[in-house]
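Got a structure for you, questions after.
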Amino acid sequence: MPQDTAPESAPAGPFSGFRLGKSLVVAIDGPSGSGKSSVSREVARRLRAAYLDTGAMYRAVTLHCVAQGIDLEDAAAVEAAARGIELFISTSPDRESVTVGGDDVTAAIREPEVSAAVSAVATTMGARAELIRRQRALIAGAGHRIVAEGRDITTVVAPDAEVRILLTATEEARLRRRGDQLGGTQTDAQLKRQVTDRDARDSTVVDFHQAADGVVTLDSSDLDFEQTVAAVLGIVRTVAH
Ligand SMILES: Nc1ncnc2c1ncn2[C@@H]1O[C@H](COP(=O)(O)OP(=O)(O)OP(=O)(O)O)[C@@H](O)[C@H]1O
Ligand SMILES: Nc1ccn([C@H]2C[C@H](O)[C@@H](COP(=O)(O)O)O2)c(=O)n1
């Protein structure tokens, strides 16, 4: 699977001790709106590491199924779609790009219709197995120097990661953040469907509310974005050195 990774020429940051050779997989899980994607991308930049948004892969399979007229409740068909999909995802933290069959779906996978449907794919175990296999290959392809985030990275995809973090925030904070992110366009009921209800369905197949043994919990409810990035980098410094 093709990919593009963090440029060799990125400026040196405060983590040059991690720079070369040594494996540094930072696995970050958490519920919707906890800040996984935005925080992980920025942490990857500062570590000069690659970045993998595994949720984007579930979204791409969902969009593909809908476009192909595949019934999302037909587990065998969804699994076959996940196995057959020609999926490319950029692992550069500076370039957000997802293509399916060569078509750019970077924006389309963020549409509300995909957010509403994606749990059907995420709860299809055969599709999960295939995407987990691809995620492990992407992590290896990035030279095991990567920040990977999702729901099961600390427990299933990369349980041996050097750093494993569960990024949490109260439901109130997560709903507020998602509302702000969407420019105040969503009603309370719409936000609840996109955050709380989706988490409830997703958590029937994977636990991203309780930290597994050895996973560090970071509660960002009372932290702003920059403080959360700094806290993650502090955990990396403590755990991986
Ligand atoms: N500590 C923070 N304080 C305030 N806002 C934050 C914080 N962390 C992230 N945000 C903002 O909250 C919004 C949601 O963050 P993000 O999309 O990264 O969450 P997520 O956990 O990846 O959600 P999902 O799993 O649903 O994709 C973004 O606008 C982000 O900038
Ligand atoms: N490792 C993962 C990543 C994501 N999912 C599911 C859960 C979400 O409903 C969906 C989209 O993720 P998001 O872009 O909102 O982070 O994919 C999962 O089950 N496991």
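Glycine is no exception: its Cβ is also placed from the backbone N, Cα and C atoms.
So TrEMBL says this about it:
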- 26-237: domain 'Cytidylate kinase' (DOMAIN)
- G30, P31, S32, G33, S34, G35, K36, S37, S38: ATP binding site (BINDING)
Which one of these binding-site residues, S32, S34, S38, has the sparsest Cβ neighbourhood, judged by other Cβ atoms within 10 angstroms?
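Minimum Cβ neighbour count within 10 Å, taken over the binding-site residues S32, S34, S38, occurs at S38.
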Look up G30 (ATP binding site) in the DSSP assignment and report helix, strand or coil.
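The residue in question, G30 (ATP binding site), is coil (DSSP, three-state).
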Measure the Cβ-based neighbour count of K36 (ATP binding site), defined as the other Cβ atoms within 10 Å of its Cβ.
26
Suppose the ATP site is G30, P31, S32, G33, S34, G35, K36, S37, S38. Which further residues of the same chain have a Cβ inside 8 angstroms of that site's Cβ centroid?
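Apart from the listed residues, the neighbours are V39, L167, A169, R174.
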Considering every residue in the domain 'Cytidylate kinase' (26-237), what is the mean pLDDT value?
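It averages 97.
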Can you give me the same-chain residues 6 or more apart in sequence from G30 (ATP binding site) with a CB-CB distance under 8 Å?
K36, E149, R151, L166, L167, T168, A169, F208
